[in-house]
Amino acid sequence: MGADCCGGKKTPLLGEAVRDSCDSLPATECSKNIDCCTLNNEKCNEECLLSVAAILCTEDVGCHTDGHCHGTTNESDALQKPACDAHLQAAFQQYQSFLDNVRCICRDMIERGYKSCCNTSDAGTKTQKPNRFKRWALAPPPEANVNANSYLKSPGLAPVAIASRIPGAFSSPTTVVAKLGDGCGDKSQANCLNGDKEFSSCSTGGGSPVDGRGGCCEDKIKCTPGPCCTTKEQRQLAKPQTGNKNESIDVEKGKGEVIRIGVTGMTCNGCSDNLARNLAASGVRNIRVNYLQGHADLTIDSAIDLETILAKTQEATGFQITLMSGDESITVLTSNSQAATTLSQIKLDGVEDVVVLDKKIVRIHYNPAIIGARELFRKIGYLPVTLTPPQNDQQLALGRKRFIILLIQTIMSFILTIPVLVLAWGDTRVKEDTKAIISLVLGSLVQFLAIPVFYKPALKSLVLYWVIELDMLVVVAITAAYIYSIVAFGYLISGAPLETAAFFETSTLLISLVMLGRLVASYARIRAVASVSVRSLQVSTTILVENGVDCEIDSRLLQFGDIFKVTPHSKVPTDGTIISGASEVDESMVTGESLPVPKGPGAFLIAGTTNGPATLVVRLTRLPGKNTITDIAKLVEDASSSKPRVQGIADRVASWFLPTVLAIAVVVFITWTVVGIKARSQTGGESVATAITYAVAVLAVSCPCGLGLAVPMVLVIANGIAARGGVIVKSAKCTERSRKITDVVFDKTGTLTESDLDVVTEEFFDNDITDARAITKALIGDSEHPVSVAVLKHLGPDIQPSSLVTNIQSIPGAGIEGAILGLVVRAGHANWTRSEALPEVRKMLDGGMSILTVTQGLSPIACYGLRTRLRLDAAATVSKLRKDGINVHLVSGDQTEAVQTTAAAVGIDRANVASQRTPGEKQAYVAKLMAQPGRVVMFCGDGVNDSVAVAQADVGVQLSNTNSSEVTRSAADVVLLSGLGGIPFLIKVSRAAFMRTTFNFVWSAIYNVFAILLAAGAFVRFRIAPAYAGAGELVSILPVIIAALTMLLLNLRPS
């Protein structure tokens, strides 16, 4: 097939083949040699961009060697892995001219011998379009109550990957079972389930199951809105999944498995650096640590023993490390350790791994396509096992566990410290020897409590890596005070007491106060994460409908094919499609939409939303461990794990902080020793003892913790607030940059206006109106462009498409072209069809309408005038942005009059309006703005033709709707689920976060400067005693915590 495309001409240069062979020919003539993009070129270009990015990623050997690229091709299973962001951007750039000049990327791929969405298999060979991510997830037919295992083994069926992994994008909330067909042109309906509802999203043959569309070769098929198909509404929240636990890994190419571990015990950035160093030393790559939320993401090669690495890292750091459960796992509690051992050795179809977490706790990883959770539980039912209590957020659970341990340690420390303080400061009749002995015993016990908290991590870092951690300051301070006290105690017992007596109260109170500070910080982190946790929206129980009987089960036991009920005013347990019932659903907690959304049969329900007054019967489409809640939570957590530029500054300051403080403490010790001997006429022993107290105070009062918490604490809360408002931020840099926005550039159709248009007038230039309508319907029948959809709806079901129209192809940015009896027929822009001079067309254009003109040869046959409905929040959003001093622009590919009419309606200045712009010209418009000094540009669009501009902008935003492009979503920094009001909301959140981050930095600097001066004795009449210096950590971090938490009091919401 590839050899016949465009005359069979070949060229090795990427992106050049079609230009040489096709540019001189009409699209219809070029199409005679290949059945390419016969239905929807725009959709095909989207698919091909993803494929090209994956090809570039695969061919870039250096990328894999460095371990920065996660998208490669696994030859063993012929499944195409996703490309990295860098190669996705490279694909945009290489094919920018194709998008600009409305050329078909698909043909160029075929010319180069690559698989495209239009490749058909060789004769007699059945091929399946390469899936971009290996994820098996099959579902039984809606009408059959069978398990997934039996369905998988049905003859003639093969599994299809459920998700196309675009970096940073959303994946399809559905599962697909497809019958292999002859390429993407296969029009077989075998892969769809019988039903009476028509969905334009059914996948055919080798079509991509990413969003249920059949790529460029799609056919409308009757099907039930079950696991086979997705509705357009479902695609609105599609998002990518993380790496599969059991993917085949090619170590030579640097590929690896991405996993997440939970870590308890981290208190600051120094802890995260310590963990990263230990993991990196074991050969682990791409390490991202979020100490605030207590987890780390990392990539390991297949040759590495993960359990050994985690054990060694836990031993070296002292942190408790747990492998976070994947999407397909259940954790069970056994009655005894013997049952746990038996369970760990179990062999069942679909069970991939069994991990013993504790003596009685076992985690089972399974493949839900082969064995469902309930079926698995029934098969292990002969053992004494039960499900562990539900934990919607494992990270929060680990954080609470760490908090309880620290709370117990702090309470014990204070219990032992209080008697020492009473003996030291109280007026008691206890003998000095007795006081000293009691203080020594209690002080030593407190020191033992400090060993796992301070000594162990500090000394390990120093001995193993020659790195001074924050804990080392505390260790030196408490050790100096404790050792001196022991020496003084020895002299006291021997009958020769020193001039300065033992001060065990200093070391004990110091330890207790530092522990108290860390306890408060731990509690604040838990509260901050919990207050914005999206995972908490997941409900723990579900009403399952099985064999006509309702029963309440744990949500973790849901499996594919299940039907469940959502009772009035209860939360939706997981994503699904409504089978029966009608109600209103509150989606504000997920999308930020303030008004309830009407839902009926066929509508898609989002996990975590709240049902209204009526009962709904729903068919499950995604499991609770892998639904919209977990999708959004993963993006939010990833954004919180990334580091903005300001965090890099904080890290550099902190790296110099510890050695600087140690140097100051040495200078203070020497200074006060000299002052004591020379100026105060003290003895050597007395001056040294006094100098020790000053040095200890300096070490204890210094605290970079406020600096370490300044950014992460604010970032976690800011991203959580944004997510709750329906604004998904993909990186910390975006949160940081959004406050600086000076210009916002909007696309028109689908962004400022609704995706749906209405036909308000039509004109015919031929006597045979029926033929004109039939030709029009044949051309636009399979297009998803909003104009085509509106005209198709206007024509209605009674008009039959003309069978004479052939070689239909979509030309992005222009329209649709075909052939009829040797003549070119076109439906599209008036300037493309050369009809703009016609009086009838001119009148519609002057009226600000969007135009679809249809021509046969050089003669017009029909013209349709359409009006768009402005989004309800468009004018208010533009007004809000302009009041904030932000320049608003409108750049569109639509006709000038229609664009200017929309601009006037929402209040955009005519000088900031550009019409009839190709995707490349949109990018150039954004680039020109960015080139001006001081300009920070945001571009907001939704379609594939906006993807290049979205990628170009400082902040790229995609408005998520039913026709949103996955390519644009992957290029975007922000995804709006809540509408245009999310843009000023994001800017407001960014500004609030910046103000608090700035305050935290200023406070940390002021505190450390003045605290060190006070502790060092710079002020003659006042100093910080070493016993109270331990409160410095509490004083340092408390304002930082309070400042971050005040963001929750602002009640920030999308306007």
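Just so it is clear, glycine is given a Cβ too, placed from its N, Cα and C backbone atoms.
Taken from TrEMBL, the feature domain 'PCA1 HMA heavy metal-associated' applies to 324-391.
TrEMBL lists 403-425 (among others) with the feature transmembrane segment.
Feature annotation from TrEMBL assigns transmembrane segment to 437-455 (among others).
According to TrEMBL, the transmembrane segment annotation covers 462-489 (among others).
Only residues 6 or more beyond the boundaries of the transmembrane segment (501-521), in the same chain, are considered here, and those with a CB under 8 A from a CB of the stretch are 267, 403, 406-407, 409-410, 413-414, 416-417, 420-421, 424-425, 436, 439-440, 442-443, 446-447, 449-450, 453-454, 474, 477-478, 481-482, 484-486, 488-489, 492, 693, 696, 700, 703, 705, 709, 1025-1034, 1036-1038, 1041. If you look up TrEMBL, you'll see 501-521 (among others) marked as transmembrane segment.
The average pLDDT for the domain 'P-type ATPase A' (540-637) in the predicted structure is 85. For 540-637, the entry in TrEMBL reads domain 'P-type ATPase A'.
The transmembrane segment annotation in TrEMBL covers 653-672 (among others).
The transmembrane segment annotation in TrEMBL covers 692-718 (among others).
Annotation source TrEMBL lists transmembrane segment at 1001-1022 (among others). When Cβ-Cβ distances below 8 Å are used as the criterion, the transmembrane segment (1001-1022) is approached by residues 646, 650, 657, 661, 664, 668, 672, 694, 697-698, 700-704, 706-707, 710, 1029, 1032, 1035-1036, 1039-1040, 1043 of the same chain, each at least six residues removed from its ends.
According to TrEMBL, the feature transmembrane segment maps to 1034-1052 (among others).
In summary, the transmembrane segment (462-489) does not lie against the transmembrane segment (403-425): fewer than three C-beta pairs, each 6 or more positions apart in sequence, are under 8 Å. Sorting the domain 'PCA1 HMA heavy metal-associated' (324-391) by DSSP state (H, G, I as helix; E, B as strand; all else coil) yields 15 helix, 21 strand, 32 coil. Long-range contacts of the transmembrane segment (692-718) within the same chain, counting only residues at least 6 positions beyond its ends with a Cβ under 8 Å from a Cβ of the stretch, are 267-270, 290-293, 470, 473-474, 476-478, 480-481, 484, 503, 506, 510, 514, 517, 521, 524-525, 528-529, 531-532, 639-640, 643-644, 646-647, 650, 653-654, 657-658, 661-662, 664-666, 668-669, 672, 732, 735, 989-990, 992-993, 996-997, 1000-1001, 1003-1004, 1007-1008, 1011-1012, 1014-1017, 1023-1026, 1029-1030, 1032-1033, 1036-1037, 1039-1041, 1043-1045, 1047-1048.
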